[in-house]
Amino acid sequence: MPGPADEHLQRMRVEYGSVEKDGSPDLDVDWLDDGWVALLRKWIDDAERAGVAEPNAMVLATVTPDGRPASRTVLCKSLDETGITFFTNYDSAKADDLAATPYAAVTFPWYQLGRQVHLRGPVSKVTAQVTEDYWSKRPRGSQLGAWASQQSRPIASRAALLEQLAQVTARFADHERVPVPPGWGGYLIAADVVEFWQGRENRLHNRIRVTGDRVERLQP
């Protein structure tokens, strides 16, 4: 039951409506004339220009093997009409979830801009070539970190983690190129449904949903 300590939380409120004050247009179905990919790319670019930290960050929701929801933040690294791609350790908890239930949802939350995008659909692993192409663009430190971490597995201390990093750093010291770890790669989320959300006054937000070729406005 909510108590006195929750009153501060209950008073927390953001009044949306900056789109009215600065003269920007309302989100509407015609914003999707060029497709959902074009608008999502634009909103990511808008977030970057606005100084949003990690504008391509998205909250990934999965279902655990025992049927419980789980979420975490990952980064969108590719985007086209087939869907969106992120990369991770194939032995991680999220990978276990996706092996059991190959379906996921993501949310791009740009709170500073009063915008969100929700996307959901079936998930599949990308090809080894797609993984290789992205891996080659990662900083060497990130590559070594992927080798050092047995993602989602317990470890005694941070010192132990840094020792694992030191070991792989020494292992690949004479290698010009760090190879892709055998248990690392990408996932593609095919977009069954995409929803664009824009905050508005009095909680009468703009919601536009794309399902296949159908684009429609939803009540908030």
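Cβ from N, Cα, C; glycine included.
Positions annotated as substrate binding site by Swiss-Prot, on the basis of sequence analysis: R13, V14, E15, Y16, K77, Y134, R138, S142, R203, L204, H205. Swiss-Prot lists R72, T73, V74, L75, C76, K77, F87, T88, K94, Q116, Q151, S152, W197, R207 with the feature FMN binding site, giving sequence analysis as the kind of evidence.
What Swiss-Prot annotates, mapped onto the structure for a quick look.
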residue: R13; record: substrate binding site; DSSP (3 states): coil
residue: R72; record: FMN binding site; DSSP (3 states): strand
residue: K77; record: substrate binding site; DSSP (3 states): coil
residue: F87; record: FMN binding site; DSSP (3 states): strand
residue: K94; record: FMN binding site; DSSP (3 states): helix
residue: R138; record: substrate binding site; DSSP (3 states): coil
residue: W197; record: FMN binding site; DSSP (3 states): strand
Say you check the Cα of K77 (substrate binding site) against those of the binding-site residues F87, Q151, W197; which is nearest? F87
Rounded Cα-Cα span from H205 (substrate binding site) to F87 (FMN binding site), Å: 32
Rounded Cα-Cα span from W197 (FMN binding site) to R13 (substrate binding site), Å: 18
Spatially, which candidate from the binding-site residues E15, R138, R203, H205 is nearest to C76 (FMN binding site), comparing Cα atoms? R138
Using only C-alpha positions, which one of R72, Q151, W197 is spatially nearest E15 (substrate binding site)? These are the binding-site residues in the record. W197
Can you give me the Cα-Cα distance between W197 (FMN binding site) and R138 (substrate binding site) in Å, rounded to a whole number? 32
